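Database features (TrEMBL):
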- 4-181: domain 'Formyl transferase N-terminal' (DOMAIN)
- 14, 15, 16: N(1)-(5-phospho-beta-D-ribosyl)glycinamide binding site (BINDING)
- 65, 107: (6R)-10-formyltetrahydrofolate binding site (BINDING)
- 109: active site, proton donor (ACT_SITE)
- 145: site 'Raises pKa of active site His' (SITE)
Ligand code: GRF
């Protein structure tokens, strides 16, 4: 079975990207990283790993999200990308892009979905008095954080935990979960 050609979309530090680069890449191969934020730290991680890293700034597109996504889609198609992994990509994608990549577009979300879709997941888990927290890798569909769950990993919430402490501890969990799930998805795709 051939490795799936993966593009990772980022906006920031790219620690999940790093985990995907460092993991066993026998089922997938990260061949492209695109950031919508110029100068994002994750771009350097990609270059250090010898992976093509591009900036596609969304700002010049103004409110025209679809025009941005058409250019993004064209970049991915040009490079024969088979699977797109969102890793801290801070743009909501429209149905144009989501439909173009249905079943091949995956995200990592810092909560145990269906609990806490959206933002501020660590704060909300604490406020809700949860005893465990976690992360979910899921397919992206039109509805936010609602696609098929590929995998989840959980960890206990400890007395005295703060949103920052939870976020930091969860990141280590995410770094193990995402490569495993991406490999599983890559293996089941044509
Ligand atoms: C992670 O917490 C991830 O769950 C969320 O955005 C954050 C990205 O962090 N989707 P990084 O850029 O991978 O370090």
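Placed from the backbone N, Cα and C atoms, the Cβ positions cover glycine too.
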Going by DSSP, is residue 109 (active site, proton donor) sitting in a helix, a strand, or coil?
strand
Those recorded positions, out of 14, 15, 145, that come within 10 angstroms of residue 107 ((6R)-10-formyltetrahydrofolate binding site) at the Cα:
145
Of all the recorded positions given, namely 65, 109, 145, which is spatially nearest to residue 14 (N(1)-(5-phospho-beta-D-ribosyl)glycinamide binding site) at the Cα level?
109
Any same-chain residues 6+ apart from residue 65 ((6R)-10-formyltetrahydrofolate binding site) with CB under 8 Å of its CB? Would you list them in sequence order, or say none?
58, 91, 92, 93, 94
For residue 109 (active site, proton donor), the number of other Cβ atoms found within 10 Å of its own Cβ:
23
By a 10 A CB contact count over all chains shown, which of the binding-site residues listed here is most packed: 15, 16?
16
Suppose the N(1)-(5-phospho-beta-D-ribosyl)glycinamide site is 14, 15, 16. Which further residues of the same chain have a Cβ inside 8 angstroms of that site's Cβ centroid?
10, 12, 13, 17, 18, 19, 42, 45, 87, 88, 175
Using only C-alpha positions, which one of 15, 16, 145 is spatially nearest residue 109 (active site, proton donor)? These are the recorded positions in the record.
145
Sort residue 65 ((6R)-10-formyltetrahydrofolate binding site) into helix, strand or coil using the DSSP assignment.
helix
Mean per-residue pLDDT computed across the domain 'Formyl transferase N-terminal' (4-181):
97
Give me the CA-CA distance between residue 15 (N(1)-(5-phospho-beta-D-ribosyl)glycinamide binding site) and residue 145 (site 'Raises pKa of active site His'), in Å, as a whole number.
20
Around the Cβ of residue 107 ((6R)-10-formyltetrahydrofolate binding site), how many other Cβ atoms lie within 10 Å? Please give the count over every shown protein chain.
22
